[in-house]
Amino acid sequence: TDIPQTMQDLDLQEVAGRWHSVAMVASDISLLDSESAPLRVYVEELRPTPEGNLEIILREGANHVCVERNIVAQKTEDPAVFTVNYQGERKISVLDTDYAHYMFFCVGPCLPSAEHGMVCQYLARTQKVDEEVMEKFSRALQPLPGHVQIIQDPSGGQERCGF
């Protein structure tokens, strides 16, 4: 699955801090359709490391419990692309950000793989959905093949994981 165009010249220090998962999109809805779906995660914070990697603090559902997890995304030659070992080795690509309000990123299928599942998220600094940014998110994902569904955060900003 081809990931839409990534951002040029990502400044890691500028993406540091608290974020909220506002909307999620999947090329295969089974990746998101239940609380324990493999890529249904809620990003809470991004922390750049001194080595240029990106520590991601997230919440996910596991056995009807909301679990906090820290994963480290390893830098690549492209400043907007990282690799992460999360249920297999995957590629994370930052599509766009204005640093102050929103960030769009996609998590690709396990590498190497013929799997086509991809999940993209719209992160915001606040829990309020900006309709203009939502439109921009939708446009950024147009190159994705297959049936794409946008799921706005069902928790409405309440306890992430929705139990």
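Every residue, even glycine, has its Cβ placed from backbone N, Cα and C.
If you look up Swiss-Prot, you'll see C66-C161 (among others) marked as disulfide bond, on the strength of experimental evidence. Counting every protein chain shown, the number of other Cβ atoms lying within 10 Å of the Cβ of C66 (disulfide bond) is 16.
Residue density at C106 (disulfide bond): 23 other Cβ atoms are found within 10 A of its Cβ, drawing on all protein chains shown. The feature disulfide bond is assigned by Swiss-Prot to C106-C120 (among others), with experimental evidence given as support.
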Checklist entry - Can you count the other CB atoms that lie within 10 A of the CB of C120 (disulfide bond)? => result 25
Next on the checklist: For the C-alpha pair, I'd like the distance in angstrom between C120 (disulfide bond) and C66 (disulfide bond), rounded off.
Outcome noted: 21
Checklist outcome for this item: The rounded CA-CA distance in Å from C66 (disulfide bond) to C106 (disulfide bond) is 22
